[in-house]
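Enquirer: Dropping the structure in here first, questions after.
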Amino acid sequence: MGSSAGSRRRLSDSEEEATAREPRPPDRQGAHWKNAIGFWLLGLCNNFSYVVMLSAAHDILSHKRASGNQSHVDPDPVPTPHNNSSRFDCNSVSTAAVLLADILPTLVIKLLAPLGLHLLPYSPRVLISGVCASGSFILVAFSHSVWTSLCGVVLASISSGLGEVTFLSLTAFYPRAVISWWSSGTGGAGLLGALSYLGLTQIGLSPQHTLLSMLGIPALLLASYFFLLTSPEPQDPGGEEEAERAARQPLMSSEAPEWKPDARSSLTLQEKWTVFKGLLWYIVPLVLVYFAEYFINQGLFELLFFRNTSLSHAQQYRWYQMLYQAGVFASRSSLRCCRIRFTWALALLQCFNLAFLLVDVWLNFLPSIYFVFLIILYEGLLGGAAYVNTFHNIALE
């Protein structure tokens, strides 16, 4: 796997950097908390731009500009439909376009990462991730068209995808607990990203200035990686290979080729296929959960429009995103309290949510927006639980 090779490169980078640092007295407890906080901040900062772009999807596509190229947001708007021919009050381009721009580059990066991403050291990867995140905020803030804004969303996706592959592979050289901290941080990114965008626009700040105010997040990402994380301790090369091989064995069937002591640690194609088949039990339900929730978030949120409320359509959309992310944060942080082995149940419940809201869009039977608020919060709880328990179950295997 590319991640293991990348981790060994991180070790070599860390050894070189350690020579330039002053030796520190051993403080295992202090190092534990530095790494825990470091991975929580990395999870937060890595997913922040991704979440903000989804929260701003309605504003990006409506693309209303005031003088001076500043997007105008009325702090106390009066709900006024701008499409009287339809009760849905939609933009000409669906918010699913923002989802595609936010998902596809990440997907491509994750698919291609095992083929050679490990050849690039960790530090340049983190720098590229930070630069792309900053570029996404700037490009969307100053764009003059929807398509330019979508290019900015693509930069956010590249940043998030590259960062996730990088930092998840890095967890292999830290205590297993950092996975839980990383997961909690990504959930925190959802809540804080959506809440900050909602709050700043709600008090009257323009979307342009709101995005520019978030440029400190990529800087925090770089600071957390370069200054907060402790360097992983080098391991004995032979012991490292044996540990890696032992960690893979539960996912490999008995017909896998027998490993010899002098064999290289990289997997053969047959071994990779064997590992992939072992992971399908965990991958398929997670894919179903994400399909259902993103169908809801970017396909149905814009159609779940209530005119009998003081919230404008744009504000309703931001509240939906914030409540979903609040549910995700709560469940991603719950691994120490609640662990779920059968993640298929979460997939079935999420698909039921999709069917229920799809019927409501068609028949419009829910009388109040507050019922939708509760369903969306529940949707986020299911999505976050599926994410953190899937990775935890894989780690146990």
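The backbone N, Cα and C atoms fix where each Cβ goes, glycine too.
Checked TrEMBL, it gives:
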type: COMPBIAS; residues: 10-29; note: compositional bias 'Basic and acidic residues'
type: REGION; residues: 1-29; note: region 'Disordered'
type: REGION; residues: 234-258; note: region 'Disordered'
type: TRANSMEM; residues: 37-57; note: transmembrane segment
type: TRANSMEM; residues: 96-120; note: transmembrane segment
type: TRANSMEM; residues: 126-143; note: transmembrane segment
type: TRANSMEM; residues: 179-198; note: transmembrane segment
type: TRANSMEM; residues: 210-228; note: transmembrane segment
type: TRANSMEM; residues: 279-296; note: transmembrane segment
type: TRANSMEM; residues: 342-363; note: transmembrane segment
type: TRANSMEM; residues: 369-388; note: transmembrane segment
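Can you walk me through where each of these features ends up in the structure?
Expert: Listed by sequence, the residues of this chain that lie at least six past the ends of the transmembrane segment (179-198) yet keep a Cβ under 8 A from its Cβ atoms are 35-37, 39-52, 54-56, 167-168, 171, 210, 214, 318-319, 321-322, 324-326, 328-333, 335-336, 380, 384, 387-388, 391-392, 395.
Residues of the same chain lying 6 or more positions beyond the ends of the transmembrane segment (279-296) and with a Cβ under 8 Å from any Cβ of it are 99, 103, 251, 324, 343-344, 346-347, 350-351, 353-354, 357, 376, 379-380, 382-383, 386-387, 390, 393-394.
Counting residues 6+ beyond its ends, the transmembrane segment (342-363) has Cβ neighbours under 8 Å at 282, 284-286, 288-289, 292-293, 295-296, 300, 303-304, 372, 375, 378-379, 382-383, 385-386, 389-390, 393 in the same chain.
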Enquirer: The transmembrane segment (37-57) vs the transmembrane segment (369-388): three or more C-beta pairs under 8 Å (separation of 6 or more)?
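Expert: They do not touch: fewer than three Cβ pairs between the two stretches lie under 8 Å.
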Enquirer: Which sequence-distant residues neighbour the transmembrane segment (126-143)? Criterion: at least 6 residues beyond either end, Cβ under 8 Å.
Expert: 45-46, 48-49, 52-53, 56, 60, 69, 149, 151-156, 158-160, 162-163, 166, 207-209, 211-212, 214-215, 217-219, 221-222, 225-226
